[in-house]
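The block underneath contains the structure these notes are about, expressed in structure tokens.
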Amino acid sequence: MAKADKKKYSGATTNKQVAAEKHLTSVFKFNTDLGQHILKNPLVAQGIVDKAQIKPSDIVLEVGPGTGNLTVRILEQARKVVAVEMDPRMAAELTKRVHGTPAEKKLEIMLGDFMKTELPYFDICISNTPYQISSPLVFKLINQPRPPRVSILMFQREFAMRLLARPGDSLYCRLSANVQMWANVTHIMKVGRNNFRPPPQVESSVVRIEIKNPRPQIDFNEWDGLLRIVFVRKNRTISAGFKSTTVLEILEKNYKTFLAINNQSIDETENLQSLIKQKIETVLKETGLAEKRAGKCDQTDFLKLLYAFHQVGIHFS
């Protein structure tokens, strides 16, 4: 990917901002166990903010603001920034950084673990994401009652490529199929290790995630439950995934729940596990997916499978 155009961003990054960033990234001892790798390149930071296309009326959620190198740029464009930060030291430095400036009234800092924090309404999410919460963060955003219009997220390069992978790609996995059902994902830029302090061990990428509107009319837990089974070994046949004793026990339990909800009695003389196996075989045969591999299947294949299972009372959550 081409390097950021310095002329494009030079007007948005002041000498004062650059000096503040250099100071803050030089005095802190960062906790890499918390994924603290501060983005120090002002051109990359400005490029990320510009890609969010922030409106003056927008509320922006920032996850892991650190010392505020992205935050101060977001504050210039947004109505309000809600920053979720786990490290009290970082929160204190960010507070000091905006103290006495017009941006101070526009910043709200929520101190705590993002995954355990109840989020307020927001229009956009921007994050230099701590890599250990990459997947949980994506699914928390997707499952918001009112999901953001757009999310601009920095991830470990391989994780970003998994989000973008298509059927047949080596990196195509449950994450790929799951996220792409609910959102459109595009790659924005690569970010090298030397753009961070301290440098991480891996390269990074920035992606844009836009939640589909309207949302697909399927239950998230049902969809996710099916994918968890078929992607256990993505290069094995789909039928192989349904032969696991654990899977059969889960489906049997769910089937009993389905019957109870629909006021249908269980035939005590019938071997329920044999019935479940028979239903699975029938569905896989009729859909023509028994011998296909999950790593080669697309959304249409999985939707066909999910619908067929539901038709015979087999559920995944």
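Just so it is clear, glycine is given a Cβ too, placed from its N, Cα and C backbone atoms.
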Record-annotated S-adenosyl-L-methionine site (Swiss-Prot): member among Gly64, Gly68, Gly100, Gly168 besides His37, Leu39, Glu85, Asp113, Asn128: Gly64
Binding-site residues compared (Glu85, Asp113) - the one with the fewest other Cβ atoms within 10 Å: Asp113
Sparsest-packed of the listed binding-site residues (Leu39, Gly64, Asn128) - C-beta count within 10 angstroms: Leu39
